[in-house]
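According to Swiss-Prot, the features are:
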ACT_SITE  CYS26  active site, phosphocysteine intermediate
DOMAIN    4-87  domain 'PTS EIIB type-1'
DOMAIN    107-456  domain 'PTS EIIC type-1'
TRANSMEM  112-132  transmembrane segment
TRANSMEM  144-164  transmembrane segment
TRANSMEM  181-201  transmembrane segment
TRANSMEM  213-233  transmembrane segment
TRANSMEM  247-267  transmembrane segment
TRANSMEM  288-308  transmembrane segment
TRANSMEM  329-349  transmembrane segment
TRANSMEM  360-380  transmembrane segment
TRANSMEM  388-408  transmembrane segment
TRANSMEM  428-448  transmembrane segment
Amino acid sequence: MDFEQISCSLLPLLGGKENIASAAHCATRLRLVLVDDSLADQQAIGKVEGVKGCFRNAGQMQIIFGTGVVNKVYAAFTQAAGISESSKSEAADIAAKKLNPFQRIARLLSNIFVPIIPAIVASGLLMGLLGMVKTYGWVDPGNAIYIMLDMCSSAAFIILPILIGFTAAREFGGNPYLGATLGGILTHPALTNAWGVAAGFHTMNFFGFEIAMIGYQGTVFPVLLAVWFMSIVEKQLRRAIPDALDLILTPFLTVIISGFIALLIIGPAGRALGDGISFVLSTLISHAGWLAGLLFGGLYSVIVITGIHHSFHAVEAGLLGNPSIGVNFLLPIWAMANVAQGGACLAVWFKTKDAKIKAITLPSAFSAMLGITEAAIFGINLRFVKPFIAALIGGAAGGAWVVSVHVYMTAVGLTAIPGMAIVQASSLLNYIIGMVIAFGVAFTVSLVLKYKTDAE
């Protein structure tokens with residue numbers, strides 16, 4: 001594969017060198033921010049050698065090349081275009097200017113929660129393992145190993161406000177370590193542990209107001225709102241305080257002001273917001289049942305196209321941290337939608353006689369089965385439309401099933417086949433059945449529907 005030739009072929013189809021604002025890449029895609037998106041010929045780009053798909057998302061033109069290939073294309077492209085290399089964050093900042101308000105909020109929440117996902121996944125995996133061990137009586141819960149593993153499994157959720165405080169402050173333009181400190185204030189030992197409230201808690205009289213001394217372990221919205229406020233306070237103080245005193249007074253006053261406001265106003269309000277969202281969702285799932293799963297599973301992939309799905313991380317983390325819920329009942333539904341995209345995409349492989357399309361569909365379908373759906377959605381299913389519709393139907397069917405049989409997960413971030421690692425032990429079989437339903441329905445509908453499957 002001639003990467004220099006590929007780069008030279010792409011440039012005129014993207015509107016020329018002058019139309020490239022920035023370039024970056026992820027594991028599979030070349031991410032370009034264009035000055036004028038209308039100058040790009042997406043159909044022609046899709047026909048360039050090595051290109052597995054092309055789509056616009058999050059203010060960027062994203063061209064799918066695949067793992068390993070994209071790095072070499074990127075190096076050749078930046079040289080051919082005569083532009084300096086941009087980091088993903090720089091490209092994202094430029095692209096953000098093109099986003100609508102909803103997409104900006106989704107991007108903001110994504111940037112806050114994605115770095116935390118490994119910690120939540122690790123805790124979720126351990127919770128799932130311990131749940132299985134306890135269910136089948138393999139180890140005595142009083143065993144030292146079990147107790148230590150239990151400590152490891154709950155740690156990420158106990159300090160979740162601290163983790164969020166760090167990443168949120170960085171995103172809001174504040175000092176990440178002050179954000180983490182504020183998260184520490186909200187989980188201070190002087191406050192009754194949020195999961196132990198049933199045993200009772202005390203209140204504090206603050207100038208006539210009775211303040212409930214309840215911690216915010218596992219919560220999301222209180223620390224998000226508190227750190228947003230803290231970042232504003234910090235910026236204002238840095239403008240007002242002389243440089244000679246900035247290092248001492250700014251962090252001191254920021255922590256004092258933000259800490260008081262967080263404990264007295266923002267914390268309780270944020271808890272009410274989070275509990276309200278969790279209550280609405282859990283009520284909808286419990287009362288609408290499989291109909292809610294049908295609706296959510298069918299619409300999830302449509303939401304993915306907009307990029308707003310990244311904001312769901314905050315809601316899911318809130319469900320896990322809520323003492324009255326403690327499980328993620330949304331992620332199994334999203335998992336069914338992702339598997340369905342893989343099934344619909346694989347059907348195209350059986351239908352098409354175009355060698356280039358065949359080369360794209362198989363890895364794209366496999367990727368979707370691992371929970372990464374961009375290549376399947378944008379490279380194949382949306383391209384031919386009807387496979388995408390088939391995937392929506394499959395996702396709806398799978399979503400209806402997992403809700404009707406109460407499939408729950410213990411973490412966020414993993415879907416499809418990898419999601420099996422964080423499914424509750426009692427739900428694992430039904431989760432697998434759900435994947436078979438979603439995949440089978442999407443595959444069958446995509447195979448039966450009539451549509452052209454050539455590169456033209």
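Backbone N, Cα and C atoms are what each Cβ position is placed from, and that goes for glycine too.
Other Cβ atoms within 10 Å of the Cβ of CYS26 (active site, phosphocysteine intermediate), summed over all protein chains shown, number 14.
With a cut-off of 8 Å on Cβ pairs spaced 6 or more residues apart, the transmembrane segment (388-408) and the transmembrane segment (112-132) reach fewer than 3 such pairs and are scored as not touching. When the domain 'PTS EIIB type-1' (4-87) is classified with DSSP, helix, strand and coil residues number 33 helix, 22 strand, 29 coil. It is 112-132 that, among the stretches 112-132, 247-267, 360-380, 428-448, forms the most Cβ pairs under 8 Å with the transmembrane segment (144-164). Beyond its flanks by at least six residues, the transmembrane segment (360-380) meets 28-29, 52-55, 57, 62, 64, 66, 301, 304-305, 335, 338-339, 341-346, 348-349, 352, 387-388, 391, 414-419, 439 of its own chain at Cβ-Cβ distances under 8 Å. Long-range contacts of the transmembrane segment (428-448) within the same chain, counting only residues at least 6 positions beyond its ends with a Cβ under 8 Å from a Cβ of the stretch, are 297, 332, 335-337, 339-348, 350-351, 369, 386-387, 389-391, 393-395, 397-399, 401-402, 405-407, 416-417, 419-420.
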